[in-house]
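Listed features, source TrEMBL:
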SIGNAL    1-15  signal peptide
DISULFID  Cys217-Cys229  disulfide bond
DOMAIN    889-929  domain 'EGF-like'
DISULFID  Cys893-Cys903  disulfide bond
DISULFID  Cys919-Cys928  disulfide bond
DOMAIN    966-1011  domain 'EGF-like'
DISULFID  Cys1001-Cys1010  disulfide bond
Amino acid sequence: MIYLHNFIFISLIAATPQINLYYTDGINEKENADTFQHDCLRVGIVEVSEEHAIVSFCVSEPLSKFHIEPHNSIPKFTFVELSKNNVTSEQLYLWSAPIDVVEQYQYYLNQLSISNNDLSMATEVFYNCTLPRFGSMCQYELNYYHSGHSSLNDLIIDYYRAYAYAMTNLTCYTNLECNRGSLSTCLDWTEICDGKIDCLDSGSDEEYCWQLEMNECKDNEYRCRNGLCVPKSFYKDYFISPDCIDQSDERTSPIEIVQNYLTCPIPIGCGDIICTKQPFTSSCTRYRSELLISALFSTKYGPISDVCWLAIQCILKIPNIDYSICGKLCLFGICNKFIDENCPEMFYAPNVPVIFGHIYFAYHQNKSQPLSTRNSWGFYLCSNNSYNDGHFINGSKISFRNTTCYHYSNVQSGNPGVFYWASSNRHQLFEELWKYNQVFNYNSTICNASNMYQCKDSIKCISRHRVQDGINDCPRNDDEYQNDTNITIIIEDIPGINHVLPGESTDKLLYARKNISFQTICDGFTELVPINVTGQNQTDETECEQWDCNNIYTRCNGIWNCINGLDEIGCDLSLPLSCSSDHHLCVSLQTHQLKCLPIEKINDGKIDCFGGIDEFALCRPKYETFLNNNFYCANQSHSQSCINFPYICSDFMGCPHNDSVQFCRQNRTFTVINNLCGDDLLPYISDIDQFLCNQLKTKTKEAVVYFFLDGMNLTVEVPKDTEEQTIIPSLILLPENNHRRCHHGLEIRVGFNNTNNTTCLCPSSYSGEQCQYQNERVSLTIQFRAMSDSWRTSFVIVISLIDDTDERIIHSYDQFTYLSVRDCKKKFNVYLLYSTRSKNRTKQYSIHIDFYEKISKAYRGSLLYPIEFPFLPVHRLAYIIDIPRSRDKHPSCSTNPCIHGTCRQYLNDDKTYSNFCQCSKGWSGKYCTIKFNCTCSDDSLCIGMSSDRSICICPMDKFGSRCLLTNTVCENEKNSTCQNRGVCISNDQHIESNSKVTCICPMGFSGDRCEIDDNQLRLSFEKKIISSQAIYIHFIRIMKNDVPKRETIFKTIPFVQNSVIIHYPNRFHLAFVEFRHEKYYLAVLQKT
């Protein structure tokens, strides 16, 4: 007992990581052999953005494999000993005891308070572990623990930062039978539905993927390149965190994604992406391609000798080949001699199809020629698919081993020689062959669909969303270069796109070409791609006669938007000559002196000014936003061109007929060789030169102009995420000899006495003794929205993966607390697994979401989202979900089939899945007919069972799997937390945060501690204005160089009142009141 007292004292002053394992209680290993995951660490991902995620690292091997027995060196105490020493469950929790042990001890204490005669749990044992040991019997040990680690989150993130993952053997998706070409290769989950056949025997990896090609999205959704859908508002919202599984919503290059993946703090969410358009794999994991190639060359064609095969690999520069052997074998170029003497005249290398499941690489040497005079090998692409014949009909071909072979030059002109396996060569060849790839059975049912495009001279058809997307998908390239007006172009070949300044966003140009903008209408530049309206092409510059071109968006922006340049008159106060308000300053065409030109002569078809400044339309191409060639050259032969003015006096870059010679030579004390406007000449040039340099300098017209108010002085706001963001170095210098045996998992030792037994804590994406198996899973990204009457209501949200059987199995679930005033912009990332490692494809799986109020535990409602495309191994789903309103009535069911429960209706009413049974405590199943033993605390809600464990909704001050533990953080900090009657709630245990609590502030107050008085807006209405008792108040905050931010409050006006008071905590510039029938009134306008 002396040890226990000393330990209690030391633990009060020591700061060490808290490691509480989950799911350590007994599970029948035989019944759960296919999905047995246990002993889990739960870790919150550090919030580098507005995202929330809990990652579980679990052991997937049965503990019986290790024959673990208690060790005498580990201090242990029975529950009765702990209670006699007044040890609380909170202390056990802080001492890193497993959650199941902590809750079982609290349950024992609860039973003692009822009856002192209950001895059934008195002999249960708590093992007191000292880091780096942890576990229910301290049987696990961390290899990489350092005393400087202050939290589990720090420890794990530091580990991943210290050890960059370098794949040395493959991880595999084994739930689909697939012949990948070699026994040492396997399928990766990213290679299913990636547009190329990887399973050589059946093409099963692409069998059902035509459904994605034909899939269409809703109007409020963005269609990812692979056909899946995400909310449109998620497009381009955070570049390092794509929502599309193929990353197309963020348009990040595969190279960037690979780098991000390698530096991902905890490699879980960033592992649920694919890197498409790669020859051998769509995995974003570095070195997988090289390992696959090495594995393919591990199998040689029977008649080829070992010496031949080794020499071939040396010559072709196969990845991971032992170059020391190649150096000896190929010394002085004798590899060619080895091949000549030991290899056949023509052979496959490797001996299996390399690309698209049917294309072999073949090498041919003409042995009829002497070795000394023989040209390099001939490289051929061979296939047994006849549809390639039509594409290479004019090329030379030969037959080899029942395939037709075409010379490499037929595919890539200028590359007649041998094909080497360097990365750049692989990608270049793959891009050339991609358009010939036919992965589906292109029948009339698919190709005649209205949303499909039939490639010319081919049976291949593609989604119309692929037309003019920058990728050649058709053999004749007609999907990118065609004038068929019947084709609905989804992404235009943007005019002017090739003339964008380096670093300028092409995405803004994409937006401007497809969306009409109030700020850029009639601004002298055609942004919008022409739209056919009643037989006429209409743009944003059509019928602009009555539009004022001189407005707050064009005034003094440095570019002439008005046809007469009125918007730029009087803007430059530094001009050497002042002109009246109806004249422009320019340089005389005859005298090359400054003069004032009447505004009526601007763009009148006659050049009056040097360089054609007055006729700027001559040098302003349609659709261009990058304006650099602004000086107009003309000579006696009437030929014309536009050049970049600073180089007017250059022999090579000036006007082609030297018609500017007089200007460059007259009255100059220096010779202009190159750049007239260069910094070195600025002290010497004249006022005329300075004027022309300023007037004709390179300019960029903003494709997207953001809304603002006249007279506003906006400053750029630093986002809260990045305001104090710094690069976090490795916290602790860890040993460098660590080998990542567990791939993306954490390696731990098992047992005592320095045994060599090790196992892995695998993230939910992987399982196996080395985390080598890729799990089927659902990766969810959800952003929630609450109406204003629920902004200050704390919710418990439970997200479950269910099936449609009579058992209505909850395969896995996650739950967390949501508070709108804190989390409204946050994305919640949830990872759900199936109850068996290979899901049953005959079942319909769905995402079921329950909402409960945290304080009252009142049920708000449920939503259902069926999971489509069951052939996909990983579902990356993204939703924006509205939390059911407090005044929403729960629709009643026409019948009540629920035996021990209540019939409910899903609030996102899908007619096929509208009703479900909300079972009473201790009952589960589709109709609440399956009884189970609920282990939730009496003051909690028991809403179901998953993996033989109860799902509990805890009261506000409780936590733990069974809600048996009390959270005292609000009590301990009562005097220093919430002011002005704010309600204190504890934050979720696993989320890294600067504070352990959140204050729910009453109406009229805000701030971390409710210390700020909110804005108060009093609205009064005349009787004729009030058309309904319900109104929306839209608050608009104008941002500099960004879209305005809008927040909306719903309010009801009592019948006896004609006024209402609104409390709003944030800064705003405009407030609109909306009545029904879309009647809007401007209530507030403030420019500060």
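Just so you know, the numbers here start at 1 and follow the chain as drawn.
Each Cβ is built from the backbone N, Cα and C atoms, and glycine gets one as well.
Fair warning: this is a prediction, and the values are worked out from it, not measured in the lab.
Features recorded in TrEMBL, as mapped to the structure shown.
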| residue | record | DSSP (3 states) |
| --- | --- | --- |
| Cys217 | disulfide bond | coil |
| Cys229 | disulfide bond | strand |
| Cys893 | disulfide bond | coil |
| Cys903 | disulfide bond | strand |
| Cys919 | disulfide bond | strand |
| Cys928 | disulfide bond | coil |
| Cys1001 | disulfide bond | coil |
| Cys1010 | disulfide bond | coil |
Nearest of the disulfide-bonded residues (Cys217, Cys229, Cys919, Cys1010) to Cys903 (disulfide bond), judged by Cα-Cα distance: Cys919
Residues satisfying Cβ distance under 8 Å from Cys893 (disulfide bond), sequence separation of at least 6: Cys903, Arg904, Gln905, Asn915
Long-range Cβ environment of Cys1001 (disulfide bond), under 8 Å and at least 6 residues apart: Arg792, Val821, Cys978, Asn980, Gly982, Gly1007, Cys1010
Neighbourhood of Cys217 (disulfide bond), C-beta criterion under 8 angstroms, separation at least six: Arg223, Cys229
Among Cys229, Cys903, Cys919, the most crowded of the disulfide-bonded residues [Cβ within 10 Å]: Cys919
Long-range Cβ environment of Cys928 (disulfide bond), under 8 Å and at least 6 residues apart: Cys898, Ile899, His900, Gly901, Cys917, Cys919, Ser920
CB contacts for Cys1010 (disulfide bond) [other CB atoms within 10 A, all chains]: 21
